[in-house]
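Visitor: Next up is a structure, given as structure tokens.
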Amino acid sequence: MSALKRSSQVAYKRWKDTNISFVTSQTDDKSILTVHEEQPGKNEPSNEGVCTILEQDLGDSKNRSSGISETFTVEEAVEAIGFGKFQWKLSMLTGVAWMADAMEMMLLSIATPQLRCEWRLSSWKVASITAMVFIGMMISSSLWGNISDKYGRKVCLILCMLWSLHYGFLSAFAPTYSWILVLRGLVGFGLGGAPQSVTLYTEFLPMKSRGISVILLGVFWGLGAVFEVLLAMLVMPTLGWKWLLAFSTLPLVVFAASCCWLPESARFDVLRGREDKALDTLKCIAAANGSSVPKGRLIANTQTDRGRIRDLFIPEYRKTTLLVWFIWFCNAFSYYGIVLLTTELFQAGSACSATDNSNMEPRCSLECNYLTFHDYVDLLWTTLAEFPGILVTLWMIDRIGRRKSMAVCFLLFSVSILPLYACTQRTLLTVFIFIARACITGGWQVAYVYTPEVFPTATRAIGIGTGSGMARVGALITPFIAQVLLKSSIYLTLSVYLICCLLGTVASWFLPMETTGRSLQESTQSTMEQKNIERPQGSETTESSSNTCP
């Protein structure tokens, strides 16, 4: 009524100076008020200058007055259903996939020292084993994202996990160096789709619990890394690396046995035009949570063109896409770098071994040494840094926002590796690596929250997939820094990671969009519509005025 009052006042003011007539028409379900401005020399009102001031759906008005919404979106349904038993079950299943990914990654830093000694491998060959995994992930990340956007999150996640299970188990039977390269590369190809578990999980979360829930999903990553170290402590001294590779596929076996329960994303179904299937999924979720779906008809924007990389570069997203890609690169480069540096520096016994000439730069003393029980204990301590990093991020993410949280984590990582420039002893080395790993873990978890929030459903999976692909580029490069360059220069190695994270700090700060408290968008069109809706409160009067006759 306030809109009608304002519009009528404007029309009345113009009516005093010109010949204006009001015409009201009414149908079964609509009441339309229009204004006709009579042209000079004409006896009848002309259609020129006609402006519709108010067009009100009487059926909707009745429904609004009775408290019943005739239509609702998936976002509104997810908010109404809330967080409950279903989300807890889904977090467990997607968490197992996350745990499997972490174990396969942690395996690289544990098994390679033994392979170096057993097969007499050079530093380049050792780094190549790690690099092959990340090459596979880099190639497949965008492919899995495209599959997820076109054929569904459930299909993509099941396929990539079963692929990883198959080739991960076959890796345990690799007879030669060439075979281990090929098989680990195929494992990496499958693991490139693991981030799609975050896509699926995010699309079932209410807005208020989204940030905390995705961060807590990182607990499974930490559990996977810790479990891999404990498994190595038991298996490596007696059974060797082949049994370690076989046992490391246990979370993938659990996922394969449980994946039949995994639901398809309701957001994906409505975007594909399958509203009935999406509604059935939402009803099942509501029943599991002890709540109900909003009354009315489910509606959504449909978009046939999904999973296209070029959609990430439309003007509204171009800057965001490039910055997000660089942030993912910095996170993976620094995270896997500190993981690989941990075992390399522990083998050396200290941060560096000083030469007799004090003017010369210290060099790392890397030899063929098996990891000892003491090495595993220290590795376990640094791995436990995943959990403090997650806790600190939980405290920050909703208080200061996603962008500032990532910037703070990058900056703290840079500060924590500065003491490694000195020849620190084993205890201090462990402490500083612990802090650095906690910071970069927290920053990467925030990136996993920010990325699915900033991209709409139509490009969400390809956004995460390409971001993950850029992360694998960083992970591909980092073995040659942490395992090869380290042998020549500790100072140069640390400087590379320091500069990378400082640049990551700048990139996080200049992200154009903060997603805290922002609902997930269904399509690129709905995202642009929301940008038009989000305007200052003072613009309401301007909008009302623009609806009047010129």
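Cβ from N, Cα, C; glycine included.
A TrEMBL annotation is a machine prediction, not a hand-curated record.
Just so it is clear, the model here is predicted, and its values are computed rather than measured.
From TrEMBL, here are the annotated features:
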DOMAIN    90-516  domain 'Major facilitator superfamily (MFS) profile'
TRANSMEM  123-143  transmembrane segment
TRANSMEM  155-173  transmembrane segment
TRANSMEM  179-202  transmembrane segment
TRANSMEM  214-235  transmembrane segment
TRANSMEM  241-262  transmembrane segment
TRANSMEM  322-341  transmembrane segment
TRANSMEM  379-397  transmembrane segment
TRANSMEM  404-422  transmembrane segment
TRANSMEM  428-450  transmembrane segment
TRANSMEM  462-482  transmembrane segment
TRANSMEM  488-511  transmembrane segment
REGION    521-550  region 'Disordered'
COMPBIAS  521-530  compositional bias 'Polar residues'
COMPBIAS  538-550  compositional bias 'Polar residues'
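Describe each of these features in terms of where it is and what it packs against.
Guide: Sequence-distant contacts of the transmembrane segment (123-143) (same chain, at least 6 residues past either end, Cβ-Cβ under 8 Å): 104-105, 108, 112, 115-116, 160, 177, 180-182, 184-193, 195, 309, 336, 340, 366, 462, 465-466, 468-469, 471-473, 475-476, 479-480, 483-484, 487.
Using a Cβ-Cβ cut-off under 8 Å and counting only residues 6 or more beyond its ends in the same chain, the transmembrane segment (179-202) has close neighbours at 90-91, 94, 97-98, 100-101, 104, 115, 128-129, 132-141, 143-145, 147-148, 153-154, 156-157, 159-168, 170-171, 210, 213-214, 217, 262, 265, 448, 452-453, 460-461, 464-465, 467-469, 472, 520.
For the transmembrane segment (214-235), the residues of the chain that approach it from at least six positions outside its boundaries are 91, 94-96, 98-103, 105-107, 110, 198, 201-202, 205, 243-244, 247-248, 251, 371, 373, 376, 379-380, 383-384, 386-387, 390, 393-394, 397, 441, 445-446, 448-449, 452, judged by C-beta separation under 8 angstroms.
Sequence-distant contacts of the transmembrane segment (322-341), counting only residues of its own chain at least 6 positions beyond either end whose CB sits under 8 Å from a CB of the stretch, comprise 105-106, 108-109, 130, 134, 406, 410, 413, 417, 433, 436-437, 440-441, 443-444, 447, 450-451, 454, 463, 466-468, 470-475, 477-479, 481-483, 486, 493, 497, 500-501, 503-504, 507-508, 510-512.
Counting residues 6+ beyond its ends, the transmembrane segment (379-397) has Cβ neighbours under 8 Å at 106, 109-110, 211-212, 215-216, 218-219, 221-222, 225-226, 229-230, 233, 342-343, 346, 371, 404-405, 408-409, 430, 433-443, 445-446, 449, 516 in the same chain.
Panel annotation: around the transmembrane segment (428-450), residues 195, 198, 210-211, 214-215, 217-218, 221-222, 324, 327-328, 331-332, 334-335, 338-339, 341-342, 345-346, 350-351, 378, 381-386, 388-390, 392-393, 396-397, 402-403, 405-406, 409-410, 412-413, 416-417, 419-420, 467, 501, 504, 511, 515 of the same chain, lying at least six beyond its termini, place a Cβ under 8 Å from a Cβ of the stretch.
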Visitor: Take the C-beta pairs under 8 A between the transmembrane segment (488-511) and each of 155-173, 241-262, 404-422, 462-482. Which stretch has the highest count?
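Guide: Comparing 155-173, 241-262, 404-422, 462-482: 404-422 has the most Cβ pairs near the transmembrane segment (488-511).
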Visitor: Which sequence-distant residues neighbour the transmembrane segment (462-482)? Criterion: at least 6 residues beyond either end, Cβ under 8 Å.
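Guide: Residues packing against the transmembrane segment (462-482) from afar: 124, 126-128, 130-131, 134-135, 137-138, 141-146, 148-149, 188, 192-193, 195-196, 198-199, 307-309, 311-312, 321, 324-334, 336-337, 340-341, 344, 447, 451-452, 454-455, 493, 496-497.
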